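Beneath this line is the structure, given in structure tokens, with notes to follow.
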Amino acid sequence: MNTVGPYHNRQETYKYFSLPFCVGSKKSISHYHETLGEALQGVELEFSGLDIKFKDDVMQTTYCEVDLDKGRRDAFVYAIKNHYWYQMYIDDLPIWGIVGEADENGEDYYLWTYKKLEIGFNGNRIVDVNLTSEGKVKLVPNTKIQMSYSVKWKKSDVKFEDRFDKYLDPSFFQHRIHWFSIFNSFMMVIFLVGLVSMILMRTLRKDYARYSKEEEMDDMDRDLGDEYGWKQVHGDVFRPSSHPLIFSSLIGSGCQIFAVSLIVIIVAMIEDLYTERGSMLSTAIFVYAATSPVNGYFGGSLYARQGGRRWIKQMFIGAFLIPAMVCGTAFFINFIAIYYHASRAIPFATMVAVCCICFFVILPLNLVGTILGRNLSGQPNFPCRVNAVPRPIPEKKWFMEPAVIVCLGGILPFGSIFIEMYFIFTSFWAYKIYYVYGFMMLVLVILCIVTVCVTIVCTYFLLNAEDYRWQWTSFLSAASTAIYVYMYSFYYYFFKTKMYGLFQTSFYFGYMAVFSTALGIMCGAIGYMGTSAFVRKIYTNVKID
């Protein structure tokens, strides 16, 4: 038996025997070892005591009885009122059953007491399990309720490799809307790439022509000529960003999140990770720890190029930025889970294991990456000199202000992913198994292209307005996607789910905040990387005295 909990709150689960069910006569079962992913996801496997032998049919047999005093009856009534249902596993195949039901008036409550199991086998492997709940018994205080089960074995043609296919929902995930949204995003990508190349080709060509014409004028004419545009800020455009320590840590973390997303999606496309409990989470933790050098390399090299001196502090902040955010949220939600006695409460040993991964795996690998980054690409090699005195930023129209650009920058990237967000949210917060990782890969690629295009256009307008503060603007205008995703999660909570209660609500909004922030940091880093290449390119091609 795994867990029991309210149907509408998927994450609010309790141990199966926290309800006053009784245990069968059989005492032991082969040893079961819990993985890190399962411990974090609140899987609580306990042996049911049902005596089931391979290919041995069992007629309806009573395996134990519940002595129903007032307290136990109240527990069952509460469970039935809140639509509690339980999950159990036979040979790692999940089965779900409902605890009981109420009559129409809501006065009498009934418990299902008979578990009718049909198990399909192919050769010597179990390939299919069905559970039918029967034996409706009215809950009356101070009576005894007998719990019974039966097992029927039948031959099945399902292959062992395909036994999880019946849990997938192709009509939901491969709906026309899903294909249409991908096509829609794809058209947006073509439009944006066209827009960017038009800006780069036509406008930059005009700019270069104007600047080279100015080169040919004599000094007198040039002083009278009205110089404007992005060439004016060539002496400030490669000035280090404000707060370089935080900035480079964010960029490093963003690059690492991107690497993790890419690798985990590829692994999920090759391996069916959904067939094993907690394997997706275990894989993500392992890949995150293994890709720590990416974080150190990009963060450390950027910090060195910006002339940063406190590189050890930068390495620590870069290494612990994401883990601290995730663990902080988990720690807060854990208090609520402990208060509720929920199975989601993370055991102390698991917390220690996660801390050990942070200190003994992530940190040393980050150090390796930082040292490589500082030595291999830590030298500032900008195409233009940086002036000693910063140039004053002229007044500009309100819509050219960095704050406005930042707010508007996230709309298009969010537009390209929000349908996919619906599918991902539904598989996480409702009872669907997400398996269309090819779609997810396409959406990730589309998101990257859209983000880079949008930030390049924003940065071009900013530099044309002779504002050289492009680093934070390019990062934040891409990262503002996160704000729109978090706003969408509010809409999803109120209109698409029926969640209730403090535990589920704090779990939902806490982890949605973590997800949105991580997505924002990833988009910001992608946007900055693309824009940085663009800025370097345009200033390399222009002649500067």
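Cβ from N, Cα, C; glycine included.
If you look up TrEMBL, you'll see 179-201, 245-270, 282-304, 316-340, 346-368, 403-425, 437-463, 475-495, 507-529 marked as transmembrane segment.
For the transmembrane segment (316-340), the partner stretch with the most Cβ pairs below 8 Å, chosen from 282-304, 346-368, 437-463, 475-495, is 346-368.
For the transmembrane segment (437-463), the neighbouring stretch richest in Cβ pairs under 8 Å, chosen from 245-270, 346-368, 403-425, is 403-425. Sequence-distant contacts of the transmembrane segment (507-529), counting only residues of its own chain at least 6 positions beyond either end whose CB sits under 8 Å from a CB of the stretch, comprise 11-12, 250-255, 257-258, 261, 298, 322, 325-326, 329, 332-333, 336, 344, 409-410, 413, 429, 447-448, 451-452, 454-455, 471, 474-483, 485-486, 489, 493, 499.
When each of 179-201, 346-368, 403-425, 475-495 is checked for Cβ pairs under 8 Å to the transmembrane segment (245-270), 475-495 comes out on top.
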